[in-house]
Amino acid sequence: MANLKAAGADTQETITVAITGASGAQYGLRLLQCLLAADKRVFVMISRAAQVVISTETDLKLPGTPSEQTSYLSQLYDAKPNQLTVFGREQWMAPVASGSGAPSKMVVCPCSTGSLSSIATGASNNLIERAADVALKERRQLILVPREAPYSEIHLEHMLKLTRMGVVIIPASPGFYNRPTTIEDMVDFVVARILNQLNIEQNLLPKWGEDLI
Ligand SMILES: Cc1cc2nc3c(=O)[nH]c(=O)nc-3n(C[C@H](O)[C@H](O)[C@H](O)COP(=O)(O)O)c2cc1C
């Protein structure tokens, strides 16, 4: 007989975070840090292009394999044991690859226009694309944070198509009404928007009308 106690014991919410190769790796890394600080369990995927962007845009020395990346990021963000797991690009047996195992919330941050296209067309050629396809087929929460300028008609069509399917598009475009003075302030503006959508308490940015000015 199924062990009902064990099945119900793990009440910690899990969120999938995919970091792809658009500029703005900081957004994805800060999101990861905030989710861990909020005591969420996080399944992470980092595309090959994202690894290039991370080494271009940050001082991180991200190692090559998913298990090394798990240890590196867990240590960097002071994660609890098993709170953070990185999955590889063809790790098809990972929970995110199936509707029966995938968490109910997924964020692609930042989202390259390449991954945007693959998600909009259901390509599923790597684990990030497959996990997003699972989120779509299961009607789960999927948030994409694209960054490109300018957008082509193709990009905009993909965003419209996905929005009509219930996907939330949060462009990586920080506002200025909070008077940011550092890059971290600008990153936090976007990350706060993502956390709001995930319904996770955040104090990165006051709500509109509260202590803003
Ligand atoms: C430093 C750097 C910055 C990039 N910036 C962007 C960007 O802002 N937006 C974008 O869509 N692609 C950007 N690209 C290109 C993508 O990384 C590339 O299209 C890649 O194939 C995306 O693959 P992925 O979606 O699997 O990560 C950038 C690449 C590099 C190396």
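Heads up, residue numbers simply count up from 1 along the chain you see.
Using the three backbone atoms N, Cα and C, a Cβ is placed for every residue, glycine included.
In the three-state DSSP classification, Gly114 (FMN binding site) falls within a helix. According to TrEMBL, the FMN binding site annotation covers Gly21, Ala22, Ser23, Ser47, Ser112, Thr113, Gly114, Ser115, Arg147.
The dimethylallyl phosphate binding site annotation in TrEMBL covers Tyr177, Arg193. Of all the Cβ atoms in the protein chains shown, 9 others lie within 10 Å of the Cβ of Tyr177 (dimethylallyl phosphate binding site). DSSP gives Tyr177 (dimethylallyl phosphate binding site) a coil state; it is part of no helix or strand.
The domain 'Flavoprotein' feature in TrEMBL is assigned to 14-197.
Here the binding-site residues are Arg147, Arg193; the one with the fewest Cβ atoms within 10 Å of its Cβ is Arg147.
Each of the binding-site residues Gly21, Gly114 was ranked by the number of other C-beta atoms within 10 Å, and first place falls to Gly21. Each residue contributes its Cα atom, and for Ser23 (FMN binding site) and Arg193 (dimethylallyl phosphate binding site) those atoms are 18 Å apart. Among the binding-site residues Ser112, Arg147, Arg193, the residues whose Cβ sits under 6 Å from any atom of ligand 1 are Ser112, Arg147. In the three-state DSSP reading, Arg193 (dimethylallyl phosphate binding site) counts as helix.
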